[in-house]
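Quick one: the structure is below, and I'll ask about it shortly.
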Amino acid sequence: MEVFKQLRSFYWPGKLKYLIFASILCLAVSTALGLVYPYMLKHLVDEIIMKGNYGQVPFVASTVLVVVAIKAGFQFLHGLAGGRLGNQVAYNLRKSLYEKLQYLSFQYYDKARTGDLMSRLTGDLDGIRQFIGFGFPQFLNVFLMVGFGSIMMAALNWKLMLITLVTMPFLVFTAFRFESKIHPAFREIRKSMSDLTTAVQENITGVRTVKSFARESHEVEKFSVRNDQFRENLTGSAFIWARYFPVMEVFANLSIVILLATGGTFVLRGEMTTGELLAFFSLIWYIIGPMWGLGFHINNYTQSKASGERVLEILNQYIHVKNNPNAVPVDDARSEGHVQFENVTFAYPENAPALVDFSVDAKPGSVIGLLGPTGSGKSTVFQLLMRAYNVKDGRILLDGKDIKELELESLRQQIAIVFQETFLFSSTIRNNIAYGQRDISMERIVEAAKLAQAHDFIMELPLGYDTIVGERGMGLSGGQKQRIAIARAILENPKVLLLDDATSAVDMETEHVIQQGLRQVMNGRTTFVVAHRISSLKHADEIIVLDEGRIVQRGTHQELLAQPGRYRETYNIQYSDHPDLAATRMEQRGVAHG
Ligand SMILES: Nc1ncnc2c1ncn2[C@@H]1O[C@H](COP(=O)(O)OP(=O)(O)OP(=O)(O)O)[C@@H](O)[C@H]1O
């Protein structure tokens, strides 16, 4: 029950608890009305058939008819209340889960699997909806039926009741044993289901890689393993069912045998009437039915308990990066974009340090270039500045304030980043550029697109800015996607601009034009540029060369060219074919040296 206690805030607040009461009450009334049948049966046999009072038959029949109609009415109300309750609970849970997913830290997403999360948000949520809406009232109804049935049976003949129900403890014991076995089995089923979903999701996401490497059969094989596992888990649970249900059936039927033998003897001895025995016989299902169904209800309960655990796991997930209690918002009007890293050393969880003793003082409006081999920590600088992770050694300051003391949202609003890999939403190009910003005029979107050199190619598309780009921007080239991402960052009008290899996918010519546009944009903003091409870095106020997380060189383009080291080596490699020609071309394009 601990799981449902923890989920209480989703089904108890406000009117919801009244829906629970209404649903249970309607079911209870409907169950109580069911007791009229055995009573009518007894009356029919003892008072009408035995005594030949056939004139009462229409009365009995119409009573049963009225009872059936009222019972159906209450069952309808139970369904209505249960349905509304379940849907509202699922709605509340879905909302909270989605909200939680928005605020979970990068650290969580480093390990999270999309398919698994999807299965929690769909399958598991539905399990909880079903149980809270219907499973739970039905479960309570078991006790009501047993209670009502026992009272009426005891009123008819308490001795017969005790004898008949002698097998019930065995039935209950078996039902509980069954529960203890089936719960872990269901947990496994849910887990393998999410493995399966993950496999499908990853396969669809990576379909281009799969096809281009002709690895379809490899994927089918990989999927088969998970599919086998899922089947085995289902078979395992079916085996548990198969083992326990016949045992429960035997105990249930034993009760009926005992009832027939003992009850028959009682009637022959004149200790009870035939009508009473028939009423008893019909009543026994009030006890056996729920006991029989106990397995099903327990099953339902354990499934939703397993689902509840998986949903709670997300809801209770620790958020590593969040606002400090005394966090202050960044004053938009006063923010200058002065970024300082002071002796920052950082390691991703369970990893070697990605950045060691990193310091930089990026004055407002300055441009800092970052160069270094892959894995040297360049992107980590960006991640830390956005406070994707918390820094423990050293400090990062924005306008002299430790970013840990600033409100996270307002900090990130000061920063716009163009990632190495562009992510576009399945929406129009206009919405992708204006992502999340309301009341943005079309003029500003077009202006940003022009600066990012995206306007021309967008206008060539049949629907222009209203063209819907496919999932993750399918249908656009890498360079086109990057330019849309740059336009998005420009529109953000940030104080700090982070360009993480933002022009890697465009040709040199386009890069040069984008950079001219960017230079206009960078004016008055602090910019960090990660690039592998010297041409993207040479105008930076300071260039930092990283290797294995450590700063190995720093200075301006000219200073770094003048000293031996990685920067000059990179320069020589990039301009080695025709160093003079390269230089001349640059001059011609107006990219002044140094
Ligand atoms: N989310 C993460 N979790 C764990 N380790 C990470 C994570 N991101 C990066 N790393 C590790 O941190 C180190 C620095 O990575 P980073 O992405 O900063 O390098 P980079 O210089 O930007 O490389 P590239 O030029 O290839 O983008 C690498 O060893 C990398 O494996």
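Note: Cβ is positioned from N, Cα and C throughout, glycine not excepted.
Feature table excerpt (TrEMBL):
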type	residues	note
DOMAIN	21-303	domain 'ABC transmembrane type-1'
DOMAIN	339-573	domain 'ABC transporter'
TRANSMEM	18-37	transmembrane segment
TRANSMEM	57-77	transmembrane segment
TRANSMEM	128-148	transmembrane segment
TRANSMEM	160-178	transmembrane segment
TRANSMEM	250-268	transmembrane segment
TRANSMEM	277-298	transmembrane segment
Can you check how the pLDDT averages out over the domain 'ABC transporter' (339-573)?
87
How about the transmembrane segment (128-148) and the transmembrane segment (277-298): do they have 3 or more C-beta pairs under 8 A, pairs 6 or more apart in sequence?
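With 3 or more qualifying Cβ pairs, these stretches touch.
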What residues elsewhere in the chain lie close to the transmembrane segment (18-37), defined as a C-beta under 8 angstroms and at least 6 residues from its ends?
11-12, 63-64, 67, 70-71, 74-75, 77-78, 81-82, 84-85, 88, 133, 136-138, 140-141, 144-145, 148-149, 152, 282-283, 286
